[in-house]
Amino acid sequence: MDFLTLFGIYVAVVLTCIALVCKYSGHQQTPLGQLVGAFTRIVSPCIPQWLQSICYRTMHRLFHQRNNFFLYLHLLLEVVVYGEFTYEVFGFCLDMGSSSLSLCVPYILLALKSCLFYLCCSRDPGTLTKSNLSAHLKIYQYDEKLFQQGMKCSTCQLIKPARSKHCRVCNRCVQRFDHHCVWVNNCIGAQNTRYFMLYLLSVCAMAGNIAVLTTDMLLQTVLRTGLLHAHYIDEQGIQQPAGPLFIIQHLFLTFPRIVFMLGFLVFVFFLLAGYCLFHFYLVLVNQTSNEWFKAKGHNCQHCHPYSGHNCRTSYNPFRGFYHRGILKNIGEIFWPLRPVQKKEN
């Protein structure tokens, strides 16, 4: 199996994973999610009904019911990446003169990430109960647009505080609900958003750090073996200089596991970097991803066919309602607002 075939399989697997996440993790409103939905509607008539039924039940189980599948997958991917890094890359880097301190950084990041991962999985996100409901009703004001006073959760039968939402996966209402993360098998809410943000940063740093070390190892290999000045004989028997594609293919055939790992890490890094930037934006404007998606579904009240008033497509009339200034917005993530306790005399 040649390089291009393996690379095509790799790209197909990655795109399939992205499609599944967009389709079944509540991101149908995003452009990518809408594209996946349109593709699904076109392809579904060609798939047998029994196979569609099996796929639907499987995806529903994975993405809409609490389970440990993604926890185990998360740990498996880490074991594979760190196993390959320790088994091959670490030794090559030492032989090529990399410092022991720089090679220890990925393991330090792994320890930090493991602590944050545990906190994300185990800490209560801010579950609303009958006993704490009255206090949580006073934390945030209702904007009467996205969150209206007096609305009751049809499942929990509790009055919904502003910025709260019922998670259909965990079957509970959560204060300042952001989203349900399948990778930590927990909701992200007022009390654990800080851990989730740091967890995202740590995973992004891990992927980036190992990718940089691996790239440096491969570059050193290219320089030391003289591949930049090498030549090869093509199918017509003509001598050709080794270009970038030839060098990449040679590295892939020489270090297949390392190159696959590097491709996976680069993909994870850029995916998480974009996700981190999105959540940092939400932190700065004091908004949750739930509010961001809900606000996109609300049009400006002045926009109707005969008004002559047209807002930009990115117009969001509710973005600033809970905005308290950048520093206070950041502080609200790391020191969540809590109900005021009345002192008893």
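Our numbering is plain: 1 for the first residue shown, then up by one each step along the chain.
Each residue, glycine too, has its Cβ placed from N, Cα and C.
Both P45 and I159 are recorded by Swiss-Prot within identically named topological domains, on the same side of the membrane. Feature motif 'Di-lysine motif', per Swiss-Prot, maps to range 342-345 of the set 234-237, 342-345. Taking all protein chains in view, 20 other C-beta atoms sit within 10 angstroms of the C-beta of C181 (active site, S-palmitoyl cysteine intermediate). Residues belonging to the domain 'DHHC' (151-201) score a mean pLDDT of 94 in the model. Taken through DSSP, the topological domain 'Lumenal' (216-257) splits into 26 helix, 6 strand, 10 coil. DSSP assignment over the domain 'DHHC' (151-201) gives 9 helix, 14 strand, 28 coil. Applying DSSP to the topological domain 'Lumenal' (90-100) sorts its residues as follows: 7 helix, 0 strand, 4 coil. Within its own chain, the transmembrane segment (258-278) has Cβ neighbours under 8 Å at 10, 14, 80-81, 84-85, 88-89, 197, 200-201, 203-204, 207-208, 210-211, 214-215, 217-218, 248, 251-252, 289, counting only residues six or more beyond its boundaries.
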